[in-house]
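Feature annotation from TrEMBL assigns signal peptide to 1-18. Residues or ranges marked as transmembrane segment in TrEMBL: 340-359, 402-421, 587-610, 630-659, 679-701. Feature annotation from TrEMBL assigns repeat 'TPR' to 486-519.
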Amino acid sequence: MKRLLAVLLFVFLSLVHAQTSRPQAQLSGRTLQGVVNGITQWSVNYPIELGDLHEPIQAGDSIYLPLGSVLDRLSVQTGVVEKRWYFPAEISQLERTESGLLVMVDHGQGIRENFTIQNDKIQERVVYPPRREVLGELEKRARVGLGKNPMKELSLSVTQQLEARVKQDPLNPFLWIFLSQQQLLNRDNASARQNLGEAMRAEVPFFVSVRMAVLLDSMGAPEYADQALTQAKMNWAELGHDPAIPVSAEAWQAYGNALWYSRYLLREGRVERAGVWFKFLREISPRFEGYASTYEQYAGWLEDQGRTGEAIGWRNVERELGENSVFSLGENALLTIRDVARFTVFTLIACYLMVWLTLHLRYLGLQYQELQPYGGLLSGFRNPLMRVRHVIFSYATFSEKLVVLTLFLLCIMALGVWGWADRAQQATQNAALNMGTYGGVWFYSQLDSVSTATSQESSFLRGVAVQLDGDQNRALELYQQAPDVAGALNNQGVMMEVRGDEKAASNLYREALTVDPNLVAAAYNLQLSPSSFETTFQSIYHSGPRLAFPTEIERLRAVSPDLGAEMNHFLRNPWTYLMALPTGWNVYVQALWVTWLLGSTLLTVLLFMVPRPRSARQEIRPWMFRVITVLLPGSGLIDEVWGLLLLIPFVVFCLILGFNHWGYTFPYLYRDINLNLMFALLAGVYAVNVIALVFEEFAFYRRIRRRRDRRKTEVS
């Protein structure tokens, strides 16, 4: 009995000692400490540059400390980081639950998102919005306090700091990379390679891997850079990113800057390494911003090196992507439409001004004679109705009036297209639609701010996002609201296949192909072996059926009304629509030209109902009118087909030459112009105009002679 009591007493004392010897986490200012009986066993300092610190949570032998968008788990015994989780925004609150941890993040603007950690894993899908200041926190943590750039300068103090830091935070790969670079600068290659191996063992999201690859490539370790890119591709696919979804240059800047670095390599002439990076982008994100010019530049270099086959392959990539764009206009389709509309507006306004000048020079003498008995050209104060009756436009022939009205109506239509293209461009370029994936709380909030459209394409887009987030029932509801969208039918088939109903899935895939025979996802799921970026990515990084993602046209329809609806809105309220045009002018100037345009159009319509004065029926061609018709081709022939066929090309050539002289360009309409060709075309227009005017003068004199002969006959 005494022996048993002694054993129990020993166990009890051991437990008490173990409890009292376990450090307790304490946050004192910017320092996290492990304290036992008032004695600090270890401490970690967090510089103020890293942001606010939250109170840590201690659970058994672990300490959980949120810092920015990262949650660290540290050993309570040593203070060494044992595990790290990455979240899409700054952690605002951390709580213990019965099954794990509840992490609340704040995206700003009232957007919050909750995550739970169980068994060392985040249970919900994580979507990382492209915010550089959030996604670059790990590298910032590694750099802060070093004082010098560890990638460029060898420093003993920096090396010592890094050696101390990697012991406390072995899960930060940037610390290992910086330490390796310092060792390379010190010609300690063996230690450097060993530490690079440690860096590659860190489990990090794709954007960290991409940034690691940039640093590794720049320090002359391409094999490790390639390994980091492989890890990035795997995590990219795991998180639901897909090559069917575009990625903006701004997003890639936040996601490790792969796009900038690949272009940098090409500029520096390191084309072989640039090829590795371009292939990386082509595999996971071929629709990056500026892909057309980048692929063309790289293909041109390959062609110069005699690698024609590879160059053709890259140009085929560009061509394939361009075929699926709006109106098959390529990457910048909406910007091209906008520039065409803007240039058309300038052309039509210039045409109108030339016609207005020509009509005044032709009929001003007649108008003066008619108004002389009523007080001349200023008779509007005494006889306003008579003055309105004799405005210059009333002297014009029906054909001339029709041309003027046509110019106004076409100008208004072009302004409508301009407004639609600009708004559609802004909507489709929203960050939420250009980050390589859909879903997450931040995505939905951004989508709601862009558009509240209820089109079938909008339901399809939201359905894809919801399905990626894992809510299959809600996704099915949204897909059923898009019965005419092939992608929605395909994705319903994916749901059926996952549930084991392969027959229903096959029927849905076939129905999707019936709606859109070019739908790659449905063809892939039916094992028809289509070839595209999507299928290559799917076969390498995913198993099972392939989801269909919205095409560029479907994304446009999802967030922007189609052109017909936009024109309907314009016709209902033209003033509001035109005042919202992004001309860059202040509101007063905008109001002035909108008033002029709408007022002139209305006046033109009204003057169609005013009969032409009797005196205007006699045909006249004053000498000033003749001069201006020579100087402005087509302006004297607007009552015939020749007129507009000469006037519009003349105005187009003059505008191109003028804008080129003033340095104003339409980059998505034309880039380089051949001045010699422009002047040759302009000369051709003048030549045709002179010939037409000669024929017109002969015809005019024949008509005058005929009238004179008729009068003589009547008199005799």
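Just so you know, glycine gets a Cβ as well, placed from its N, Cα and C.
In the predicted model, the repeat 'TPR' (486-519) has a mean pLDDT of 96. Looking at which of 340-359, 402-421, 587-610, 679-701 has the most CB pairs under 8 Å to the transmembrane segment (630-659), the answer is the stretch 679-701. The stretch in closest packing with the transmembrane segment (587-610), judged by the count of Cβ pairs under 8 Å and taken from 340-359, 402-421, 679-701, is 402-421.
Across the repeat 'TPR' (486-519), DSSP helix (H, G, I), strand (E, B) and coil residues number 27 helix, 0 strand, 7 coil.
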